[in-house]
Amino acid sequence: MKKHNQKEIDRRRTFGIISHPDAGKTTLTEKLLLFGGAIQMAGAVKARKASRHATSDWMSVEQERGISVTSSVMKFNYRDFDINLLDTPGHQDFSEDTYRVLTAVDSAVMVIDNAKGVETQTRKLMEVCRMRNTPILTFINKLDREGLDPLDILADIEETLQIECAPLSWPIGMGKRFKGTYNLYRKELNLFAAGADRVQDEGVTIRDLSDPRLDELLGIQADDLRADVELLEGAANPFDLEEYLKGNQTPVFFGSAVNNFGVREMLDAFVEVAPAPAPRATETREVSPYEDAFSGFVFKIQANMDPAHRDRIAFLRICSGKFTRGMKVRHHRIGKDISLANATIFMAQDRANVEEAYPGDIIGLHNHGTIKVGDTFTEKEPLKFTGIPSFAPDHFRRVRLKNPLKAKQLQKGLVQLSEEGAVQVFRPLFGSDYILGAVGVLQFDVTMARLKDEYGVDATYEGIDYATARWVECDDRAKLEEFEKRNQGNLALDAEENLTYLASSEWRLNHVAEQWPDIRFLKAREHA
Ligand code: G4P
């Protein structure tokens, strides 16, 4: 392995932020980019979000495409580290892409609103992180506002998300009485001043909490801090790097993103403890990032809605070797060599043509429909990366064609859009309708707009009484046939002909699963 590559790989940190809308992901992203010197982008992140809020019309949102594609991956440097922050779309554009992005990261930062605790979207994203035991660092936000007791938030995280918390900083009061945080491992006091947008943040070192300077600085709240720290020393888990890297423990920081407070403290810890690119599983063997030969997989495809540019961008995560512009790689699913001549790297400020890139980096490949989510590219060796599954949808619609003569186009459109990962398509065992499934409802609007635009198909949706789906498998053929016979009304085939059970509620699903203990009900499924 080339020495130069190792240095480049070890300084890379590729992560995503998991949070519920409004917890402060956009604000935190802006502050992180600010530290990374990508200041221009800081405004753009906000602007992009504002445009999303202002309209639910996806097409006009897409006119902002320049920004929207660029900010899918934000690259910035901090200290000696080269950081890739992958956007996890939230709000209306919460979709399967949000989940897929998490298959391409090495770690995640979880943002929690201190007044709300753990919320639904965070819980769902955490389930995806669990699949690969992704290490998670937690930032509890909005301490400048009244919220829940910090100990209650930690208990909520531990209970709801089944992950141990190890506080590395501790808040001193909150809301109007918020005085700052005490860094438990550096033994350093960080004093809060509202509105200060400081990029440089020097703490006051206080090794011994009985130091009278603490009383001078915090007044009567000094004793509260002393009591809290004493309590934590007895009750809280000490930080354990191994446990964090295994996804069993999350280090916790407190702060206020909008005031840029606690962000640098969190970022400093993040670059030090978060993992560099790790080995990745393929169907045949594990691939180390330090191997010389290039390899990578596609985790997301974004279509260009501009009719003049019908190309799509496939987002590829590099897993090993080094990418250099113009290199030839093998597209294994279709068995063809292609030249990566005009790959794009995503920089915070702009998209730029990339000359070289390393494991952990994301490159964008232009394509006209030949690339699917889950595709593997390597220099020679036939490999197929695993761990880039489809995720069981939570929303369903029945498709009604306005003009029956367009049935062929509809089929073609739906097959292609499902291959691209824009939506999931199911054919019920009974009946000839298509049922679409999605993780976020915006995916339906996008599908409808693209069916019309790209395939000339006019269709409408009807609501349908399903709330969740599971792929079903069973080693015993006879049992599976019996299950099929008894549950025909709820079974469908997905685009790759896999049997899927569609349920009207989680409760119903659990009930059926209890009745059929030999059947496996899978929430995620690998692409063929
Ligand atoms: P999101 O991307 O997770 O959806 O959240 P975003 O950063 O947009 O933050 C949601 C709201 O919370 C915003 O207010 C933002 O200003 C506010 N916020 C973020 N961090 C903090 C914090 O540390 N303290 C307080 N008090 N508020 C915070 P908004 O009113 O929706 O938007 P804006 O008009 O303030 O931009």
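Heads up, the Cβ atoms here are built off N, Cα and C, so glycines get one too.
Per TrEMBL, the features are:
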- 19-26, 87-91, 141-144: GTP binding site (BINDING)
- 10-280: domain 'Tr-type G' (DOMAIN)
List the same-chain residues at least 6 positions away in sequence whose Cβ sits under 8 Å from the Cβ of LEU143 (GTP binding site), in sequence order, or say none. ASN114, PRO171, MET174, PHE178, THR181, PHE192, PHE254, GLY255, SER256, PHE261, GLY262
Output, ordered by sequence, the same-chain residues six or more apart from ASP22 (GTP binding site) with a CB under 8 Å from its CB, or 'none'. ASP113
I'd like the Cβ neighbour count for LYS25 (GTP binding site), meaning other Cβ atoms within 10 Å of its Cβ, all protein chains included. 26
Close in space, distant in sequence - SER19 (GTP binding site), Cβ under 8 Å, 6 or more apart: LYS25, GLY90, MET110, VAL111, ILE112, GLN121, THR122, LEU125
Around the Cβ of THR88 (GTP binding site), how many other Cβ atoms lie within 10 Å? Please give the count over every shown protein chain. 24
For a Cβ distance below 6 Å to any atom of ligand 1, name the binding-site residues from SER19, LYS25, THR88, LEU143 that qualify, or say none. SER19, LYS25
HIS91 (GTP binding site): tally of other CB atoms within 10 A of its CB: 16
Across the domain 'Tr-type G' (10-280), average pLDDT on the 0 to 100 scale: 86
